[in-house]
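The structure under discussion appears below in the form of structure tokens.
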Amino acid sequence: MIKTLISLLPEQSRPRLARFLVLAVVSVIVRAVSVVMLVPLVSALIDGENSRALAWAGALTVATILGWWIDAAASKISYELGFALLNSSQHAVAERLSQIRLTWFSASNTATARQAIAATGPDMVGVVIYLVVPVLTAMLLPVVIAVALIPIAWPLAVVAMLGAPMLLAALWGTGAISQRADHVADEANSAMTERVIEFARTQPALRLARRSGSERSLAGAAVARQHGATLGLILMQIPGLLLFSLASQIAVFALAGTTAWLTVRGDLTAAQAVALIVVAVRYLEPFTVLGELAGGLETIRLTLRRIASVLAGPTDTAGTQQPARPGRAPRIEFEKVSFHYGDPAYPVLDELDLVLDAGAATAIIGPSGSGKSTVLALVAGLHQPTGGRIVVDGVDAAQLDSAARRALVSMVFQQPYLMPGTIDENIYAGHPDASDDDVRRVTALARVDEIIDRLPDGAASKVGEGGALLSGGERQRVSIARALIKPAPILLIDEATSALDNENERAVVDALSVDDERTRVIVAHRRSSIRRADRVVVLERGKVVESGTPEELLASGGRFSTFWEHRGAAASWKITSQLTL
């Protein structure tokens, strides 16, 4: 845990961490000395030695004020460290999430990432002062008290020395007993969070399927598992509490018994014995506080483990090369490219050889699962080939600088996502420095101007979370405009017109087809999106089975010709007679 905390701190804050630790240790020593000063002070008071009592009271006052001053200085530094930790951890997690391979984002890893982001909040600020200080105090204060007791009663010092590791071991055992239950409860909480979110998002489908109740849903099952895991955690904490309570009682009995024995022998006066009972209470206090903070320590440990899990997420090694012809439509070559999402025995692409000509529009068709969208994802750099390589104008794409690679590509996704904000803000996201004329041009090409004219607030209209305030077709048009405005020499289009009506589809297809300043790759099933392509590639089981111009493939009578006939039949289908009852 300490190692992860230190790794999250920025370099410039680490010297302050060293100063904080020094102050914390000095504070513990001052507190221990103050506690032991009670012995001669109480003895002097009981024996009626007022002058000696006054001297010890003065020394105790000075030590107390010094301790307060040290604690104040340490607290100031601890808050500075806390805010530095907060800022650094937030940036580290956000930066890492933007670099992790997309295949890492399974359901469980997504839940871990969500919880890691939530954890890098205000709670991280108090980690140093509210957890690090009590841990240091529990480890050091009893030992320092034991050392300070040597000149007063060395047998009692030995008992205190032996008691410290016993109590720390009891605390460790308490955590170890419940650690497995903590892990199970944490996993159950993560699963429940994901299932409840899924349950909320899929309400339309669940209600139509008459399964809107949580009792029979996966969310209900996850809630039940979470309740069971929480109960198990509570039950597993009981043995730990009993163990620590037993260790505390043994320590109290040993300290009190030793004090009584030394008093009976005459090695200690009655006044000293009374004072040493007070010292014994202060000796045990840090362990009690640490025991009360055990839950918080476990929470922080799990939080730091989640953050460490995200920071350890796999990334692709970026190169340093620049494109051979920056800003110009490139030629893209797939050389024996293979790719699988999970099991290598089931590749999505299998040693694919494919050439996408510079400045041309290439349409890719094929059955579901043939690898069409995967080709686009590989060109975009969203995934990396598991075999072979992709070459852009003679340069291996894996060797390109990550910023240069992203600048190469603009993409329209099959399921477009709009950021919360206005229509204008979503379009400008593709090119923040675009001129007003450029925005007007792409809004006209993508038929977004019709949406703007219809809405009361025009381009300043809010789109909602994920574009929820717009229809599916409107979201697609805004995402197309966002892709068109980005000055990228490669344009990737994944079923971009599937939610558009015929008129808007024709207009958008015409706009995309004449953009010969880009290398365009289009995944489509509609005839209108394919007809204007310079070349058509037919994929099947991750391999190219046909390639050529639309006219050539229609004349060959192969798979594309069959596909074309089926699409034509589907488009012309209609009910020719009325149903008679």
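Using the three backbone atoms N, Cα and C, a Cβ is placed for every residue, glycine included.
Here's what TrEMBL has on this protein:
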- 21-299: domain 'ABC transmembrane type-1' (DOMAIN)
- 332-566: domain 'ABC transporter' (DOMAIN)
- 20-41: transmembrane segment (TRANSMEM)
- 53-70: transmembrane segment (TRANSMEM)
- 124-146: transmembrane segment (TRANSMEM)
- 152-172: transmembrane segment (TRANSMEM)
- 241-262: transmembrane segment (TRANSMEM)
Across the whole of the domain 'ABC transporter' (332-566), what does the mean pLDDT come to? Round it, please. 87
Taking residues 6+ outside the transmembrane segment (241-262), which of them lie with a CB under 8 Å of any CB in it? 153, 155-156, 159-160, 162-163, 166-167, 169-171, 173-174, 177, 268, 273, 276-277, 280, 283-284, 287-288, 291
Residues of the parent chain within Cβ reach of the transmembrane segment (53-70), under 8 Å, 6 or more residues beyond its termini: 23, 26-27, 30-31, 33-34, 37-38, 40-41, 44-45
Using Cβ atoms and a strict cutoff of less than 8 Å, what residues sit near the transmembrane segment (20-41) while being 6 or more residues removed from its termini? 52-53, 56-57, 59-60, 63-64, 66-67, 70-71, 73-74, 77-78, 81, 128, 132-133, 136-137, 140-141, 144-145, 147-149, 152, 272, 275-276, 278-279, 282-283
